[in-house]
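Enquirer: Here's a structure for you.
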Amino acid sequence: MNGNGYLHHPSSIGILACELYIPSLYVDQSSLEIYDNVSKGKYTIGLGQQRMSLCSDHEDICSLCLTVLSRLLDQTGLHPKQIGRLDVGTETLVDKAKSIKSVLMQLFVDYDNTDVEGVDNINACYGGTAALFNAIHWIESSFWDGRYAVVVMGDIAVYAKGNARPTGGAGACALLIGPNAPIVFEPGCRSSHMTHVYDFYKPDLSSPYPVVDGHLSVQCYTSALDTCYTHYCKKALMNIESQSNPLSIHEINLSTFAAILFHTPYVKLTQKSLARLYLNDIIRACSYIPNVLIEKYKNLDIRSSLNNKDLERDLIEHSRELYEQKTLPGLYFSQNMGNMYTPSVYYSLFSFLSSQSNEEQLYDRRILLFSYGSGLASSMYSVVCRKVHESRFTLAQIQKSIKRARHILDYERIELTPDLMDKLLLEREKNEHKVPFIPLQPIETLKSDDIYLKSIDKNHRRYYEKFLRNDNSIEKNKEDMNRSIQQLYTEYFQNHKMNGYTN
């Protein structure tokens, strides 16, 4: 026991509950193909993307995180004093010193709880995973005081006009972390690969856009995937053997897992990634691999095969069934929201969980996750779904929360035309560091209880307010709502152009 009377080593630490933020605006990728005058299917097939989330000027990274955390507290019924740690993962910075976590403390100070550990974690798309690991480590440590941890991660991913713009997106999530969880992070089953490289970075602090070496970034991602999988398999097998597991697993391979999920900058990369792991299993001569493939590739040097497109196509075909069973069910949010940076891999987990008709299908199933952040930092780890007893935090409740988000995704979003998207993103770029600033875009896109950016004063201090909808306009049918918002945005940009005014 520690000094507070709590066990040093609580068991089954993992995700107790979750809440997801779905931005109200999106652009259709097939419409974007026409607008950009590119070949049909370049974005929808070549990238595998269907829609891309957009944020209005009422939404910044702090408003996304405030909203999703507020909803988590409301939906779970937790009192803010029950939270002892709050970690944030993001790469969308609005301040070089003040953390987003400190902004989120607005939700705690009114309840006289300032004893909340944790700050922001930053390394491209890996920050959310770093935040999650920190929360788990705190609960495992002698400093744990018996309270829950919360991890909030989110980003607004925007790119300059051109080939990279369709790989943008936005989203945020909040995870409640604690013992006796229905989704448990397997102890001892984790590997990491960290190194120094300039594949994607943001050196210009005056610009929201990254510097990207796309070819190098894919190479780094694939190399990190190879390394993490090799080390994960060794560690996981040692962990199982040390526990004298009655299942007598003699080998860790892709067939071990119910799902294999990846950080997803764009959907097509996940198919190539699954094929790459399949190649690793071929070279390891895993028991489920056909002998003909083992013979075919037995002399292949995996390190020299990174750029072999013929090999990649062959492996995609051989691993297609595995991909459709274990990876594709985890891609619904990414296909329809785009790249969310830090929460990306966790939205893959949410997608997979919601694809199962009931929680009992998931009990005792293992899920493999790969998290990657450019620069670079990467980890591979696994979770196990379990039936919990004497707890209000269940797998069924998590699925219910995810399905609420999917309903918003499918039925409550508003489509913007590509030309309006361009104007919206151009205005965001121009107003990136403008003070004082008051958002003026149509506020009708917000949902009741969303926390939104109200203003920024001349000293760059940001002020937020909860949006309370006074009418039932959200109940309009989707077609009428789309038409109404499209018209409001069209008029908004026309008025600003006539006045030569951008706030």
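Placed from the backbone N, Cα and C atoms, the Cβ positions cover glycine too.
Caution: TrEMBL annotation is automatic and unverified by curators.
The model shown is predicted, which means the values in this text are computed figures rather than measured ones.
Marked as domain 'Hydroxymethylglutaryl-coenzyme A synthase N-terminal' by TrEMBL: 10-182. Annotation source TrEMBL lists active site, proton donor/acceptor at GLU91, HIS263. As annotated by TrEMBL, active site, acyl-thioester intermediate applies to CYS125. TrEMBL lists ASN163, SER217, LYS268, LYS272 with the feature CoA binding site. What TrEMBL records for 183-465 is domain 'Hydroxymethylglutaryl-coenzyme A synthase C-terminal'.
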Enquirer: Near LYS268 (CoA binding site), which residues of its chain come within a Cβ-Cβ distance under 8 Å, counting only those 6 or more away in sequence?
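Expert: Spatial neighbours, sequence-distant, of LYS268 (CoA binding site): GLY46, LEU47, GLY48.
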Enquirer: Just checking the recorded positions CYS125, ASN163, SER217, HIS263, LYS272: which sit within 10 A of GLU91 (active site, proton donor/acceptor), CA to CA?
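Expert: The recorded positions close to GLU91 (active site, proton donor/acceptor) (Cα within 10 Å), listed in sequence order, are CYS125.
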Enquirer: Within 10 Å of CYS125 (active site, acyl-thioester intermediate) (Cα-Cα), which of the recorded positions ASN163, SER217, HIS263, LYS272?
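Expert: Neighbours among recorded positions, in sequence order: HIS263.
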Enquirer: The record names ASN163, SER217, LYS268, LYS272 as the residues that bind CoA; what is their largest Cα to Cα distance in Å?
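Expert: The widest Cα-Cα gap among those binding residues is 20 Å.
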Enquirer: Specify the count of other C-beta atoms within 10 Å of the C-beta of LYS272 (CoA binding site).
Expert: 19
Enquirer: In Å, rounded, how far does the Cα of LYS272 (CoA binding site) sit from the Cα of HIS263 (active site, proton donor/acceptor)?
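Expert: The Cα atom of LYS272 (CoA binding site) is 12 Å away from the Cα atom of HIS263 (active site, proton donor/acceptor).
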Enquirer: Which whole number is the mean pLDDT over the domain 'Hydroxymethylglutaryl-coenzyme A synthase N-terminal' (10-182)?
Expert: 97
Enquirer: Please list, in sequence order, the residues in the chain of SER217 (CoA binding site) that are at least six apart in sequence and whose C-beta is under 8 Å away from its C-beta.
Expert: ASP199, PHE200, SER374
